[in-house]
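Step one of this worksheet: look at the structure below.
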Ligand code: HSE
């Protein structure tokens with residue numbers, strides 16, 4: 001086969017970026033595939049707006065009907081970049097039924113309906129590639145499928161949401177509150193309006209579900225992943241974290257515990273000298289530990305037309321090579337030829353064991369510290385450091401503590417009990433600490 005025909009559904013930011021990569025780098029892509037990759041059709045509800053990249057002949061290539069691509073017998077590979085759930089799923093499944101290979105960047109779809117889509121790809125003997133669904137231009141899926149495939153993956157800690165990372169970076173650098181930074185980011189076009197799924201941890205959980213599915217060989221729904229966002233992080237907590245030697249990041253964490261998997265998304269304190277603490281602005285990074293390779297770090301832009309277009313094209317090239325070579329059996333979507341024997345069991349958050357940061361808002365009266373410490377000790381929580389700032393104005397003061405490792409269920413109960421004390425003025429802030437185990 002000297003030509004691989006591609007149909008792109010969705011001509012928005014990523015669709016246009018994909019088309020731009022394919023046209024700009026056509027020659028090297030042809031050399032790398034051994035066949036020409038041709039965009040035969042592009043479907044979008046808007047085929048009039050200028051995407052900053054010429055499509056010629058537009059009347060032959062552009063269509064408003066995705067079925068023109070899915071039913072075209074000459075198209076080998078469908079690229080789904082429309083986003084959304086139901087319609088995108090319908091198109092992908094129909095394309096697979098028609099024997100077409102699929103590339104998608106749709107993290108929400110894979111995180112929710114991955115199991116069904118992965119199964120459909122295998123049933124119909126077609127390839128499904130999803131590099132662009134996680135980390136934009138960072139080739140983390142390729143690394144897990146190929147470069148790291150000799151390893152048991154032990155730990156994965158990612159900064160997977162650029163919007164949150166941008167917000168936390170600005171809060172840290174400029175000492176501004178969350179809402180102010182969000183408003184600025186929205187008005188500058190750096191964040192969605194409102195960026196709910198970015199700041200509440202959902203987007204990072206989507207991506208973590210996909211990483212886990214590939215790293216551990218079985219589909220996981222994002223709904224099984226505990227998630228918290230960054231909405232409650234305050235400049236005070238960022239400042240106290242700094243005094244203790246930490247930065248606050250929104251982390252997506254997966255750890256192999258043997259019989260169970262720790263999987264969660266939450267704002268976390270990490271040591272300032274850890275490499276992930278220094279991933280700033282809208283950058284993403286994924287730290288992986290494999291049993292033989294040791295630590296690995298992947299860093300880059302997690303979104304945007306060009307980086308995400310680069311990831312989509314990598315997937316197109318990968319599948320195009322397999323199509324051209326006439327591979328009898330394609331690599332399964334999760335890169336495990338034999339399905340994992342047991343379902344992945346995710347550890348309930350209550351069983352998590354980690355150090356904690358607590359910020360109590362308490363009256364500055366004799367005995368307060370000992371009452372708080374007494375309750376912590378009742379629940380077996382051991383304090384490792386304390387800061388109490390002198391009172392500048394009337395009213396409650398912050399008492400800030402770091403603990404040694406403690407069980408989440410104990411921490412939750414202790415905080416409930418502390419928050420009932422008459423000397424405690426506001427709900428205690430709890431932030432998990434990724435200590436030296438990283
Ligand atoms: N909304 C995502 C982010 C972009 O902020 O990282 C792409 O997944």
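Note that Cβ sites are derived from N, Cα and C of the backbone, with glycine treated the same way.
The model shown is predicted, which means the values in this text are computed figures rather than measured ones.
As given in TrEMBL:
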type: BINDING; residues: 9, 10, 11, 12, 13, 14, 15, 16; note: NADP(+) binding site
type: BINDING; residues: 107; note: NADPH binding site
type: BINDING; residues: 192; note: L-homoserine binding site
type: ACT_SITE; residues: 207; note: active site, proton donor
type: DOMAIN; residues: 357-432; note: domain 'ACT'
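Distribution of TrEMBL features across the structure.
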| residue | record | Cβ within 10 Å |
| --- | --- | --- |
| 9 | NADP(+) binding site | 27 |
| 11 | NADP(+) binding site | 24 |
| 12 | NADP(+) binding site | 15 |
| 13 | NADP(+) binding site | 16 |
| 14 | NADP(+) binding site | 26 |
| 15 | NADP(+) binding site | 27 |
| 16 | NADP(+) binding site | 24 |
| 107 | NADPH binding site | 25 |
| 192 | L-homoserine binding site | 14 |
| 207 | active site, proton donor | 27 |
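Residue counts of the domain 'ACT' (357-432) by helix, strand and coil are 23 helix, 30 strand, 23 coil (DSSP-based). The two recorded residues, residue 16 (NADP(+) binding site) and residue 107 (NADPH binding site), show a Cα separation of 18 Å.
The Cβ of residue 10 (NADP(+) binding site) has 25 other Cβ atoms within 10 Å, all protein chains considered. The residue listed as 'active site, proton donor' has 107 nearby among the binding-site residues 13, 15, 107, counting only those with a Cα within 10 angstroms of its own Cα. Distance noted between the C-alpha atoms of residue 15 (NADP(+) binding site) and the residue listed as 'L-homoserine binding site' is 18 Å. Cβ atoms within 8 Å of the centroid of the Cβ atoms of 9, 10, 11, 12, 13, 14, 15, 16 (the NADP(+) site) belong to the same-chain residues 8, 17, 18, 44, 51, 81, 82, site residues excluded. Taking CA atoms as the reference points, residue 14 (NADP(+) binding site) and residue 107 (NADPH binding site) are 13 Å apart. Note: the CA-CA distance between residue 11 (NADP(+) binding site) and residue 192 (L-homoserine binding site) rounds to 19 Å. Distance noted between the C-alpha atoms of residue 12 (NADP(+) binding site) and the residue listed as 'L-homoserine binding site' is 15 Å.
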